[in-house]
Amino acid sequence: MSDTTPGAGPTPDPTEPTEPTPGSGEPAASTPPPYTPPAGQPAGQSAGQPGTPPAAQPTSGPDYGAQASQAAATLKAGNPLDLGIIGAGLVAFIASLFPYYTVSVEGFGGGSANAWHGFFGWFGALVALVGAGLLAAKVLGVLPALPVPVRTAVLGCFALATLCTLLALFVTPGGGCDDAGLGLCDAIDQGHGIGYWLALLAVIAGTALSFVRRSAD
């Protein structure tokens with residue numbers, strides 16, 4: 001039996017949704033605005049998802065090749081006398097590694113030893129190298145403060161090296177020969193090799209150049 005009244009239309013079911021009538025004044029459903037990612041988040045990435053960390057930039061260490069080239073250029077631009085002093089110290093040290101002391105025995109041959117077998121030989125070469133190193137550090141601008149002027153220190157090093165090298169001419173490793181008059185020492189000849197004479201010339205030249213540079217300053 002229908003719940004209708006004669007002459008009246010059907011009663012609408014309250015459970016059924018009613019569509020808004022156009023022009024009835026009810027707002028129509030609006031489309032939500034598109035999602036805009038926050039600053040720093042790439043487009044197309046969902047909210048709350050962590051971004052990809054930027055790639056680490058490679059770190060470059062110190063360029064030792066460039067530093068060496070710069071140091072070489074600075075030395076080449078230095079005073080020629082300073083370069084001669086530095087070279088003299090290097091030559092004296094290198095010469096100490098060559099035959100410095102020699103000995104020969106008649107009928108048995110001979111042998112040689114470098115400067116590092118006798119005190120005055122190696123000490124003179126080492127002091128000359130120290131003098132050259134001090135001057136090179138001064139030219140490169142990396143020398144710390146010294147209690148004495150640099151030129152005086154360099155001259156002192158080469159003068160001491162010359163003195164030690166001259167003493168090495170008379171003082172040989174093992175001392176002299178003493179055969180108690182038996183004549184055996186006549187068959188033994190002790191001398192000096194090419195390394196000694198190169199070192200002697202180098203330290204003398206270094207001393208002379210150091211004196212000239214100190215007087216000029």
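Glycine too: its Cβ is placed from the backbone N, Cα and C atoms.
Per TrEMBL, the feature region 'Disordered' maps to 1-67.
TrEMBL lists 9-20 (among others) with the feature compositional bias 'Pro residues'.
Residues or ranges marked as compositional bias 'Pro residues' by TrEMBL: 30-40 (among others).
For 41-50 (among others), the entry in TrEMBL reads compositional bias 'Low complexity'.
Positions annotated as compositional bias 'Low complexity' by TrEMBL: 57-67 (among others).
What TrEMBL records for 83-102 (among others) is transmembrane segment.
Positions annotated as transmembrane segment by TrEMBL: 122-146 (among others).
Non-local neighbours of the transmembrane segment (153-174) in the same chain are 85, 88-89, 92, 100-101, 113, 115, 117-121, 123-125, 127-128, 130-131, 134-135, 146, 190, 192, 196, 199-200, 203-204, 206-207, 210-211, 213-214; each lies 6+ residues outside the stretch with a CB under 8 Å from one of its CB atoms. TrEMBL lists 153-174 (among others) with the feature transmembrane segment.
Per TrEMBL, the feature transmembrane segment maps to 194-212 (among others). Through the fold, the transmembrane segment (194-212) approaches residues 81, 84-85, 88-89, 91-92, 95-101, 114-115, 121, 124-125, 128, 131-132, 151, 154-155, 158-159, 161-162, 165-166, 168-169 of its own chain, all at least 6 residues removed from its boundaries and within a Cβ separation under 8 Å.
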